[in-house]
Amino acid sequence: MAMVTARQFLASAAELGSGRRRCGGGGACDMREDGGVEALMQCQRVSDLLIAASFLSIPLELFYFATCADLSEVKCAVLHFCAFIVLCGATHLLAAFTHAHPHSAPLLRALTAAKVLAAVASSAAAVSLLTFIPKLLRIKVRESLLRDKASRLHRDLGLVRRREEATSRAVRELTGRIRASPPDAHAILRTTALQLADALGLHACAVWMPAAGRPHDLVLVHHLTSRPDDAADLLLEVGDACTVAADDPDVVDVMASKVAKVLGPDSALAMASSVGAAPAGAVAAIRIPILRVSIYDGGGTPEVTEASYAILVLLLPPHDAAGGWSSHDLEIVQVVADQAAVALSHAAVLEESRSMRDRFAEQHRALMQAKHRAAMATRAFSSIQSAMCHAMRRPVHSVVGLVSMLQHPEADTMRPEQRLAVDAIARTSNLLSALMDEVTVNRQHLSVQRKPFSLHALIKEAISVAGCLSHCGGAGFLHQPECALPEWVVGDERRVFHLLLDMVGTLLNRCNTGSGACRLSFSVRICNVGEERYSLDWIPMRPTFSGCNVCVKFKVGIGRSRSCAIERSLPCELPRRSAATTSSQMGHIFSGYFNKIVQMMNGNMWSASDSEGVGESVTLILQFKLQQGHVEASPPYIPHLNGLRVLLADDDAMNRGVTKKILERLGCQVMSAPSGAHCLSLLASAEASFQLVVLDLDDRAVPSAAMDRFEVALRIRELRNSCWLLIVIAVAAGVVATDDGGAVQELCQRAGINGLVQKPVTLPALGAQLCRVLQDN
């Protein structure tokens, strides 16, 4: 401030002196010197303005930085410094204005006041600097200390990162090698010991595992040591000779913790790991879990297994004994042990999956063998069943043919009871023939027909057969027919008759009929749909017919005396229950065949018995559609073919005789041949004069037969004297029913066959077929 005042004083003196020189004594002025002084004054004015602007901007900068930082410790010094700077700036600003108005009294007073205040502020600022400068120096020292600490932290952080990278790199390498080892627990533990010894420069490494059959001992299974004279590592397989107690304090301590433990030099585990000698370096140990997969039994309950651990013991070389185990080394050991545990768990899973796969393969082989045996048994059963059915079919066909002649006698001389017996025999024979066809041909084509039939006639014939079976077995019989039953209904009469006979046969087989103390009862009545709804295990019927329906309840029961009920003992008895048993639960009484038929007919079937076993009953409820209008049952037309010369070729003697009788009944002149070759020889003879040939040849009946019916027909067409003959063949009904592709018709056209008659051959069917063939040709 004193320098500014001196500069202003010198400027004023120079101005006065220059005025004198310019004007001289006579008042004359030099205009060139006047211009230089003016320039200097203008320069001073600009300088004062710039200095004032600079001084006044400094407090603004200080205020800005004061808002960004905490300046509470130097607040007083900063205020003094700001006041000093502001007053200095004001002085320079007023000095700049004095150059334009040098003789203004207010301006001079203001300039004087500003200079005085600036002098006071400068003195106060100078005093404040005595305390401000030491504080500023302390801040600088703290800043340097913080910078040193930051640099050390940065170095430590870099070191930690490098150690982490080195650790992760080592762990990745060890993990990769461990996972690349064979999936076996011993191979994984061996690889772990080898890789840790290589990575940490170990003197020795040992692996202890629980002894098999001795849960209180640990056995040394792997031991790795390095020889001073050999750079290579030697792996020793140690047997049961090296053991350590599982209750050793060091073993218990290692087993109880997940982290690695540093063992003392006098530790029994450390001495045993160094194979008897005192350990030369520091020793560390860590547990490795040997995970086992839970084995589940058939019920799904897991088997409880205790946790099992292996112990990995690591020994440092003697020259590293002073340093010991660092936290970094222990961390590597712990991470590698965790990875080894994961690898062991994977190996356990693979071993379990391999064993399960082997068990499944063995079970699959056993299953395939059982399947093969079952298939062979099924084929054998089917062959036996087909052979039995084929052996029974021809006698049954003969019986059906004979009964058809009895049903249509030349003179109606039969009494009603005889007619009923013949009709019952015919229905039973037809049922047996149809069942054999279903077993052998239509095994997979179980169907239910819906056509009108006489319910009264069906019930009469069923009662007749049931009474006959009861009397033959020595049991009594009682029937209660329902008079209000409809005459004609729509349904499958053959299936209904079959079910009724099965009910009767089931109860008669369960009764000791030889004692004469049993009585069979048969009743039929109309019932409502919801009548049996509240009985146990009731399966409601689903109405499928349209129009008027009727529900018919068939009930067959057997009554026994108490002595017979006590003596009766069967290996498979009805359940002693008073309530009903549905058809789905009666697999031990009725086969699935009957259950399926009942379901297809939209019915229900169950059995019941009393608590004492005296009475049993089987109930069948079926739903029929009423036939609208009266159906006239016209008798079939029996033609009379007078003088028709027929050659019959049949390889079964009984069937040949029955068919011959049927043809003679139709008025034909019949000559029979026992084989196809005999038939061809008769036709080839010159005296043969036949008009029609009936072929009923079956190659299964006579295995040595060289020709079947189609081949014989082809040979007949090749004969010159018999190429015009009419040929009729007899085929099984199931063959025609299942001939979807028309293979039989195609064979008939190719062989020149004029007609087909379905077995069993009956009088009406054969007469109708012969009439059709004669009319067509």
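A Cβ is built for glycine as well, from the same backbone N, Cα and C atoms used for every other residue.
Summarising the annotation, Swiss-Prot assigns transmembrane segment to 49-69, 77-97, 113-133 and lists sequence analysis as the type of evidence. Taken from Swiss-Prot, the feature Cu cation binding site applies to Cys88, His92, supported by similarity to another entry. The domain 'GAF' annotation in Swiss-Prot covers 184-344. Annotated phosphohistidine per Swiss-Prot: His390, in sequence order, evidence recorded as sequence analysis. The domain 'Response regulatory' annotation in Swiss-Prot covers 645-774, and the record cites sequence analysis as its basis.
The number of other CB atoms found within 10 A of the CB of His92 (Cu cation binding site), across every protein chain shown, is 22. Separating the Cα atoms of Cys88 (Cu cation binding site) and the residue listed as 'phosphohistidine' is a whole-number distance of 139 Å. In this structure, the C-alpha atom of the residue listed as 'phosphohistidine' lies 141 angstrom from that of His92 (Cu cation binding site). Counting Cβ atoms from all protein chains shown, the residue listed as 'phosphohistidine' has 15 others lying within 10 Å of its own Cβ. Of all Cβ atoms in the protein chains displayed, 24 besides its own lie within 10 Å of the Cβ of Cys88 (Cu cation binding site). Taking the domain 'GAF' (184-344) as a whole, pLDDT averages 74 in the prediction.
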